[in-house]
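Undergrad: Handing you this structure, nothing more for now.
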Amino acid sequence: MESAVAFFLAEFYKISYTLIMEFSLPLASPLLIAGLAGGMLRAVVGYIKAKNALKKSPNFSPLYLLSTVFASGAIGYLTVWFFYDLREIVLGPLPFTPAISAVLGYAGGDIMENVYKIFTKRLTLFEKAK
């Protein structure tokens, strides 16, 4: 069991090093911008869902909304950045298009929001923790 964990960690290190040191996508690439846009869209959709789901309107804070949109966009950007060099493993023969990048950005934001809600035991981001 320990050797399997050691093997996994060694492989993870090699992949991480390759992604960081030999990343082959320019930082202003349309793929990364689409991931950023997908993450930002997720933040806006999350706010609209919360506004419609709650009986009373959530306290609107422009600063909170902008920070959420920025954080979700950054998560989308990083998700695409991470998966770009793994595209042959993840997508197979499919091309890595801006549409796929936007979906990855949206999904990355959604996953991070749900992980946060699990740890804080909230149904929405706009209610107080239990």
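Backbone N, Cα and C define each Cβ position, glycine as well.
Sharing the feature lines straight out of TrEMBL:
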- 27-48: transmembrane segment (TRANSMEM)
- 60-84: transmembrane segment (TRANSMEM)
- 90-109: transmembrane segment (TRANSMEM)
Undergrad: Counting only residues 6 or more past its boundaries, what in the same chain has a CB within less than 8 Å of a CB in the transmembrane segment (60-84)?
TA: 19, 23-25, 31-32, 34-40, 42-44, 46-47, 90, 96, 101-102, 104-109, 112-113, 125
Undergrad: For the transmembrane segment (27-48), give me same-chain residues lying six or more residues beyond its boundaries with a C-beta closer than 8 angstroms to one of its C-beta atoms, as numbers and ranges.
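TA: Sequence-remote neighbours of the transmembrane segment (27-48) are 58, 65, 68-81, 84, 96-99, 101-110, 113, 125.
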